[in-house]
Amino acid sequence: MTTYFNYPSKELQDELREIAQKIVAPGKGILAADESGPTMGKRLQDIGVENTEDNRRAYRQLLFSTDPKLAENISGVILFHETLYQKADDGTPFAEILKKKGIILGIKVDKGVVPLFGSEDEVTTQGLDDLAARCAQYKKDGCDFAKWRCVLKIGKNTPSYQSILENANVLARYASICQSQRIVPIVEPEVLPDGDHDLDRAQKVTETVLAAVYKALSDHHVYLEGTLLKPNMVTAGQSAKKNTPEEIALATVQALRRTVPAAVTGVTFLSGGQSEEEATVNLSAINNVPLIRPWALTFSYGRALQASVLRAWAGKKENIAAGQNELLKRAKANGDAAQGKYVAGSAGAGSGSLFVANHAY
């Protein structure tokens with residue numbers, strides 16, 4: 001086993017590290033707007049709007065043309081391939097609109113999950129084959145970071161060793177390819193909230209998964225300062241008794257401290273089907289845990305930033321301003337939470353669960 005390898009050049013290290021640091025600047029986080037066509041269809045169906053390309057474009061136009069002060073709390077937006085190349089009504093590309101606001105462009109690069117044969121309903125994520133070429137093109141088209149999601153399930157016998165190892169290795173290979181093309185990889189190993197497991201089991205599984213992920217990243221010589229982690233918060237299963245925000249926060253920070261190297265620039269939590277209010281309250285609690293936290297701890301939320309926006313808009317032109325106002329409110333609430341300053345209930349957020357069983361993007 002050789003221990004000789006090359007780190008990226010100093011120029012590449014600097015570029016990757018600076019992008020990662022900008023994304024997790026104090027009080028800022030990520031808007032995940034990378035829902036695929038079918039997933040966006042479900043969101044639109046909930047408000048009685050047909051899933052057409054133009055309706056998807058109209059909704060994303062609402063998000064991206066929100067007042068420039070959105071950039072006070074949103075540092076980056078994750079786009080779906082279709083969205084990166086769409087334009088506003090006046091012909092301005094969405095990418096340009098976001099860049100003018102000083103918002104960094106990200107892109108979802110995985111191609112969804114496929115079954116692991118012989119496992120108990122476990123999956124791995126596909127999309128590595130042409131990833132280098134796609135990343136090179138996305139960088140040319142203005143993207144500076146990428147996202148790749150792997151999914152693990154907690155059951156009596158899962159996640160299995162096979163699934164933990166395979167998904168860790170896929171994430172490491174993805175991260176390595178991204179960095180070779182000057183793109184910061186967001187590493188997302190999501191332990192799903194489905195099930196009736198308790199907080200202790202969720203914490204142990206999360207620790208085991210993260211330990212495997214960082215071993216794989218080390219094996220692939222990934223430059224950690226030029227990466228971000230997008231994990232689940234540690235919560236009991238969806239059908240188990242709920243814990244307090246303080247209990248969730250402590251379990252989450254303990255799991256991260258035990259497994260995530262201090263070199264990692266930041267952690268941008270996924271909301272994982274929590275209600276808007278829960279996702280914000282829990283993030284604020286995480287930033288108040290009385291333990292040393294060497295990384296920025298912020299958000300990369302989809303549903304927890306958009307549910308109120310969709311409801312306010314309801315597909316109607318005359319409601320665009322109302323929808324944008326909701327987005328500003330949610331972004332500000334989560335920006336405060338990323339600094340441990342959110343006051344529960346102060347943003348009038350929805351408290352309805354946004355959980356989707358066996359969630360696929």
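Using the three backbone atoms N, Cα and C, a Cβ is placed for every residue, glycine included.
Residues or ranges marked as active site, proton acceptor by Swiss-Prot: GLU188. Proximity of GLU188 (active site, proton acceptor) to non-local residues of its own chain (separation of 6 or more, Cβ distance below 8 Å) is seen for LYS147, TRP148, ARG149, CYS150, LEU171, LEU229, LYS230, PRO231, LEU270, given in sequence order. In the three-state DSSP scheme, GLU188 (active site, proton acceptor) is classed as strand.
LYS230 (active site, schiff-base intermediate with dihydroxyacetone-P) falls outside any helix or strand according to DSSP and counts as coil. Per Swiss-Prot, the feature active site, schiff-base intermediate with dihydroxyacetone-P maps to LYS230.
Reduced to three states, the DSSP call for ARG56 (substrate binding site) is helix. Its Cβ taken as reference, ARG56 (substrate binding site) is surrounded by 21 other Cβ atoms within 10 Å in the chains shown. The substrate binding site feature in Swiss-Prot is assigned to ARG56, LYS147.
According to its DSSP assignment, THR2 (N-acetylthreonine) is coil. Taking Cβ-Cβ distances under 8 Å and a sequence gap of 6 or more within the same chain, THR2 (N-acetylthreonine) has no neighbours at all. Per Swiss-Prot, N-acetylthreonine is recorded for THR2, and the stated evidence type is experimental evidence.
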Fewest other C-beta atoms within 10 angstroms, as judged across LYS147, LYS230, which are the recorded positions: LYS230
